Amino acid sequence: MSGTEFERIARYFAPLADEAALGLSDDAALWTPPYGKTLVLTVDQMVEGVHFLPDDPPGCVARKLLRRNLSDLAAMGGEPDGYLLTTALRVDTPEAWLAEFAEGLARDQKRYRIELFGGDSTSTPGPLMASVTMIGCVAPGAAWRRSGARAGDAVFVTGTIGDAALGLEAARGKLDDSSGHFRERRLLPEPRIGLPLAGLVHAAIDVSDGLVQDLGHICRNSGVGAVIEAGLVPASAAARAAGESWLEARLTGGDDYELILATPPDAEAALRKACGLVPVTKIGHFSGDSDEVVVLDRAGRRMAFTRTGWRHF
Ligand SMILES: Nc1ncnc2c1ncn2[C@@H]1O[C@H](COP(=O)(O)OP(=O)(O)OP(=O)(O)O)[C@@H](O)[C@H]1O
Ligand SMILES: Cc1ncc(C[n+]2csc(CCOP(=O)(O)O)c2C)c(N)n1
Ligand SMILES: [Mg+2]
Ligand SMILES: [Mg+2]
Ligand SMILES: [Mg+2]
């Protein structure tokens, strides 16, 4: 790494900042939120060896970091405005790593129309680490909560589930990925920002830890149970080709950054229309009969899982 901490900030991060960041030259940013809006604030980290592999392309690490946070904003029905970034790099981290990381940020800033508000740079003797605090807005009272699901609501999920988890298995050499589809999905999730679903959603969460575990958060917060059919959980063509032996990994592996939506039973047609080109699939329903997540296999038997999703420890 060449130059000083301040030269690196000026070179790689200042070009990503707009007025609010004051040229990344002051102690903090000054941002005036749109009048009358409620702020939505969320933060997630990426730690080398825990959230990404040492050889992952730095641009993808940056973009996944933004997208993991955008996904949390999407799960609240919010729209993003900007973000704060922290990095902890090693003294032997190649400068090219930082340059590619910043290029990745620039790419997704354009795509999602967000700006860098500021951040913090430190060194670490351990694994690389970066975090993003995403800041966005929602109309007052309009945010979706994990607590709004009602018995009788449908359980919908966007996109396909399990590809990123299979990408990790492929990276570990446990699964063929000749098309590169699983790797692509592991490296670059598609946060479901901006779906015009006002009035159609009772509760939502994004799938980061695993479908079964994250659905459980809606159930616990809403005081309802859920029954879903594993056979209805949307699978990509590559996941279908990988076979049924990967089903549990797909349902519990996480890193999907798709949305689980609790919607009123009569909202299906409107939901599909509003989602447009974003695939949305009904996988079950919420129920007042229990407070747990029941997953049925193709024969209608209840599935048991060794773990329902990711736990750090
Ligand atoms: N260290 C912490 N300090 C304060 N609040 C925390 C901390 N860790 C988590 N939380 C809060 O706990 C709740 C759940 O956090 P969690 O990180 O599990 O959600 P998530 O970001 O949706 O999931 P994931 O981290 O798997 O993407 C959130 O409201 C979050 O703000
Ligand atoms: C190298 C490597 N090992 C494992 C995983 C899988 N993984 C790690 S943390 C997490 C849950 C979300 O994170 P958090 O709860 O910390 O926000 C998942 C699914 C990965 N992506 N890369
Ligand atoms: Mg989190
Ligand atoms: Mg989340
Ligand atoms: Mg998250």
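Every residue, even glycine, has its Cβ placed from backbone N, Cα and C.
Taken from TrEMBL, the feature Mg(2+) 3 binding site covers D27, D72, D206. Per TrEMBL, the feature Mg(2+) 4 binding site maps to D27, T42, D72. Annotated Mg(2+) 1 binding site per TrEMBL: D44, D120, in sequence order. Annotation comment: TrEMBL describes D44, D72 as Mg(2+) 2 binding site. Residues or ranges marked as substrate binding site in TrEMBL: H51, D255, W310. Under the heading ATP binding site, TrEMBL lists G119, D120, R146, S208. Feature annotation from TrEMBL assigns Mg(2+) 5 binding site to D209. What TrEMBL lists as domain 'PurM-like N-terminal' is 26-138. Residues or ranges marked as domain 'PurM-like C-terminal' by TrEMBL: 150-295.
Sequence features annotated in TrEMBL and their locations in the structure.
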| residue | record | CB count, 10 Å |
| --- | --- | --- |
| T42 | Mg(2+) 4 binding site | 20 |
| H51 | substrate binding site | 18 |
| D72 | Mg(2+) 3 binding site | 21 |
| G119 | ATP binding site | 21 |
| D120 | Mg(2+) 1 binding site | 11 |
| D206 | Mg(2+) 3 binding site | 23 |
| S208 | ATP binding site | 20 |
| D209 | Mg(2+) 5 binding site | 22 |
| D255 | substrate binding site | 21 |
| W310 | substrate binding site | 16 |
Based on Cα coordinates, which of the following binding-site residues are within 10 Å of S208 (ATP binding site): D27, H51, D72, D255, W310?
D72, D255, W310
Looking at the binding-site residues T42, D44, G119, R146, W310, which have a C-beta within less than 6 Å of some atom in ligand 3?
D44
Neighbour tally for D44 (Mg(2+) 1 binding site), based on other Cβ positions within 10 Å of its Cβ:
19
CA-CA, which of the binding-site residues T42, H51, D72, D255, W310 lies nearest G119 (ATP binding site)?
T42
What count of other C-beta atoms do you get within 10 angstroms of the C-beta of D27 (Mg(2+) 3 binding site), across all chains shown?
6
Near W310 (substrate binding site), which of the binding-site residues T42, D72, D120, R146, D209 can be found within 10 Å, Cα to Cα?
D209
Round to a whole number and give the Cα-to-Cα distance in Å for the pair D255 (substrate binding site) and D27 (Mg(2+) 3 binding site).
34
Near D44 (Mg(2+) 1 binding site), which binding-site residues out of D27, D72, R146, D209 have their CA within 10 Å?
D72
Which of the binding-site residues D72, R146, D206 have a Cβ less than 6 Å from any atom of ligand 4?
D72, D206
Secondary structure tally of the domain 'PurM-like C-terminal' (150-295) (DSSP, helix then strand then coil):
57 helix, 30 strand, 59 coil
Distance, H51 (substrate binding site) to D209 (Mg(2+) 5 binding site) (CA atoms, angstrom):
11
Nearest-integer angstrom distance between the alpha carbons (Cα) of R146 (ATP binding site) and T42 (Mg(2+) 4 binding site):
15
Which of the binding-site residues D27, D72, D120 has its Cα closest in space to the Cα of T42 (Mg(2+) 4 binding site)?
D72
Checking proximity to ligand 2 here: which binding-site residues out of D44, H51, D206, S208, D209, D255 have their Cβ closer than 6 Å to it?
D44, H51, S208, D209, D255
